[in-house]
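What Swiss-Prot lists as active site, proton acceptor is Asp640. What Swiss-Prot records for Leu509, Gly510, Lys511, Gly512, Glu513, Phe514, Gly515, Ser516, Val517, Lys535 is ATP binding site. The compositional bias 'Acidic residues' annotation in Swiss-Prot covers 862-874. The domain 'Ig-like C2-type 2' annotation in Swiss-Prot covers 125-206. What Swiss-Prot lists as domain 'Protein kinase' is 503-774. Annotation source Swiss-Prot lists N-linked glycosylation site at Asn37, Asn49, Asn143, Asn216, Asn279, Asn351, Asn365, citing sequence analysis. Sequence annotations record features per position, and here Swiss-Prot assigns phosphotyrosine to Tyr671. Residues or ranges marked as topological domain 'Extracellular' by Swiss-Prot: 29-414. What Swiss-Prot lists as transmembrane segment is 415-435, and the listing cites sequence analysis.
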Amino acid sequence: MVNPGPPGLIAGLLLAALSLSSVDGTKALGFVGHGYNMTVSQGHEAKLNCSLQGMEEPEIQWLKDGVPVQSADQMYIPVDEDHWISFLSLKNVERPDAGRYWCEAEHSGRKSVSDAIWVMVEGVPYFTLEPKDLSVTPNSPFNMTCAAVGPPEPLVIFWWVGDSPLGKSESSPSVLQIPGIRERTAFSCEAHNAKGVSSSRTAIVEVKGLPYPPFNVTISKVTGSTATVTWSPGFNSFSLIKSCTIQVQSLHGNREMYSRLTSVPPFAVVLDDLQPLTNHSVRVQCTNEMGASPFSEWITFNTKEKVPQLIPQNVHMTKTDSCLLLDWEDVDPDKEGYNILGFKVQWEQENTTQGELFVQENQANLTKWNPEKDLTIRICIANAAGCGPWSEFLLAGSKEEAGKQRHPHTRMSWVPMVLGILTALVTVVAMTLIFLRKGRKETRFGNMLGSMLGRGGPVIQFTAARSFNRRGPEVMEATLDSIGISDELKSKLKDVLIQQQQFTLGRTLGKGEFGSVREAQLKMEDDTMQKVAVKMLKAEIFCSSDIEEFLREAAFMKEFDHPNVCKLIGVSLRSRTKGRLPVPMVILPFMKHGDLHTFLLMSRIGEEPIALPIQTLVRFMIDICSGMEYLSSKNFIHRDLATRNCMLNEDMTVCVADFGLSKKIYSGDYYRQGCASKLPVKWLALESLADNVYTVHSDVWAFGVTLWEIVTRGQTPYAGVENSEIYSYLTAGNRLKQPPDCLDELYEMMCQCWITEPKRRPSFVDLKRRLEAIWGRLSILSASHDQLYVNLGETCGAAAAVSGLHSAFCKEEDYCAGPSQTCGTSAITSDYRYIVNPGCLREGNEWSSSAQNGEARGLLHEEEEEEEEEEMQEEQVVITL
């Protein structure tokens, strides 16, 4: 109970109530008194009351703007047995407390409503629109807008440019018109009213300029006629880079130069039609709306020698008793840059190569051959890269003086023909005998049935009650046609369908309520094995609609092609017994270093904690933002963006993964609201929590929470707040607090991602631009580049990422401990996610044994193995750090 007001107020109300009851002894149910207006200063206490008569022990409900007030600061005072006064106390009044209040009571189906009490909250001005960060061209006009509200009114706006006030006051809203600037400038505004002054955020206006020259120009995959050029763009000077120009200079004979324009990203291009065995030089420049950057430095490379694509022409042969003379049309040694060294002559007898001869002239003399047998000869042109296409076979008969060109394999041997005819005849005879025997076969009722049929009598009919097949249940063929999905989805998945015989399932990497992720070895076209991750739905909890939804999201992933978005390798179907739907599986790249959340967590609380530089964290943010920018450009809504769903690639770049699939696989961070599906509540935007609405703006909200996770190195957002309380917590105006050591610019960016109105949140394009600007300034200030080294030593396998990372960030040997020779372990009993790292998973030994077992069993596991998988979920997982 709280004190509802001064004793004099209570006494006066009691006296008024007593006087009313004395005037009329018969009291009808109803509220007495009149409504009134109340003005309260922000931060002070307000006390409201209403008086009800005509009911014993009433239930009086306070309402604000039609919504029941859930507050413990309410108190009842009885005047007599059927006359009561209710008090409502509002402590530390804020602007959301302003509104219309009244009381309601119900008795015998009749509702009574009091007059309204209007509460107005006065305080310092509140900004509804603040200046925003901009990037502008030099000396171009632009506007800045600032708006604030009271009460009390009126209020005025003052503008500041840097640390200097403009001195002119304007009413709200105020639009500041700037004719143009030439350098980076800060703008802010102040709002004044009778209660005080409020200051807006500081908006930074950057001046666009020419981009910096590209760097890290690299030449790879060089052949005789092609080469791949990749590069890193320089700082874009606050204007998006749209295209790059690659200049190629050839030093073949005379200097030849040509340029090639390509759109970006990706920052890579394949050069073709290059001269073989030639020195080339390459340089790159990139262009934004302000113009082109300076060129990068020249990078020199040599194309490889190309196999000649020429065939010897006009081959002639002269046969004598002791030798065979060959000659053909000569070829220029330097023709088309092939650097021809000579000719290779090969001869065969009875379909077996008898010898080879290399000559530099356009003639050859063969002496080592059997003149009693047919001889076939062919010739090719050769250089250091190899032998070109062979000429047609030249046939020299055993008694001919000169040959004529024909292919030796066109001769048809009579032996295979006879064998084929005999095989066909035997097959036809066997099939005829089988059908005849089957037609004459009768049951023990055959004679009786035959006589009845002859007389036109009734025929005995029966149906088998059950099958006594000893071979076990028949396996249903797993095809796209057998799972009941739409034709449109079939056509999308047809070219990425992988047969289940092409890969072998290994150990389980993670399990959840709706499915699991398993390691696997995929057999490639060149017979090599590639390690992949396989996601599959749990066998007993899905129907055909679940399969279609699962595979439809996989079809979306098929179209993705971006370095920061996890790309689909393929889909597969696991066969099951007839009558049961196949298990759908999605095949994804195996990310050696696991998910970003575990990496950040281990860097903070692992056995060897490391301090991640802010440049590295911002680089992670840029990677995620680039991936989300790409997804939003494809009109794809992620719905579950978080560090746990961002994977670390082998080169430590971040890839956005789990495109909506994770919402039905993992359940640890999800909350079921009523009977709806489980949701990642602490990452959801307000509109998603309230109306189940998902847009690119709700992904921006989740991106803000993801930034907070990265800055805090994997801490849980809204710690101490229950999932069921998140909506009330956010609607009350609360947000995640600024973490220690967090840049003000980063936290301002997070807060803008959490604006209540979705359309006022920044886009991923704008967020990426601002993050790149922050990273550019940090890179300039830093004395060293932000490189991330991962120690992949054999002691701990791929799992030595933490110790390697720890060493990489130490600048002096005297201040760094040497790498640990042993691996610590940390037992994690809860459900972990794909793929836990940094931490040692002992991939080498465990997988080899797992793969061998998989080879023996094949892909398909029998039904009893599903129970073993359930038991594995209960076991403790040991992660080596």
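Keep in mind that glycine also has a Cβ here, set from the backbone N, Cα and C atoms.
Swiss-Prot feature annotations superimposed on the structure.
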residue : record                       : DSSP (3 states)
Asn37   : N-linked glycosylation site  : strand
Asn49   : N-linked glycosylation site  : strand
Asn143  : N-linked glycosylation site  : strand
Asn351  : N-linked glycosylation site  : coil
Asn365  : N-linked glycosylation site  : strand
Leu509  : ATP binding site             : strand
Gly515  : ATP binding site             : strand
Asp640  : active site, proton acceptor : coil
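Sequence-distant neighbours of Asn365 (N-linked glycosylation site) (same chain, six or more apart, CB under 8 Å from its CB) are Cys323, Leu324, Leu325, Leu326, listed in sequence order.
Asn279 (N-linked glycosylation site) and Asn351 (N-linked glycosylation site) are 43 Å apart (CA-CA, integer value). Nearest neighbour of Asn37 (N-linked glycosylation site) by Cα distance, taken over the recorded positions Asn216, Asn279, Leu509, Lys511: Lys511. Counting in whole angstrom, Asp640 (active site, proton acceptor) lies 17 from Gly515 (ATP binding site) by their C-alpha atoms. Sorting the domain 'Ig-like C2-type 2' (125-206) by DSSP state (H, G, I as helix; E, B as strand; all else coil) yields 0 helix, 51 strand, 31 coil. Considering only the recorded positions Asn49, Asn279, Leu509, Lys511, Gly515, the residue whose Cα is spatially closest to the Cα of Asn143 (N-linked glycosylation site) is Asn49. In the three-state DSSP scheme, Asn216 (N-linked glycosylation site) falls into the strand class. In the structure shown, across all protein chains, Asn49 is the one of the glycosylation sites Asn49, Asn143, Asn279, Asn351 with the greatest number of other Cβ atoms within 10 Å. Other C-beta atoms found within 10 angstroms of the C-beta of Leu509 (ATP binding site) number 22, with every protein chain shown included. On the backbone, the CA of Gly515 (ATP binding site) and the CA of Asn216 (N-linked glycosylation site) stand 42 Å apart.
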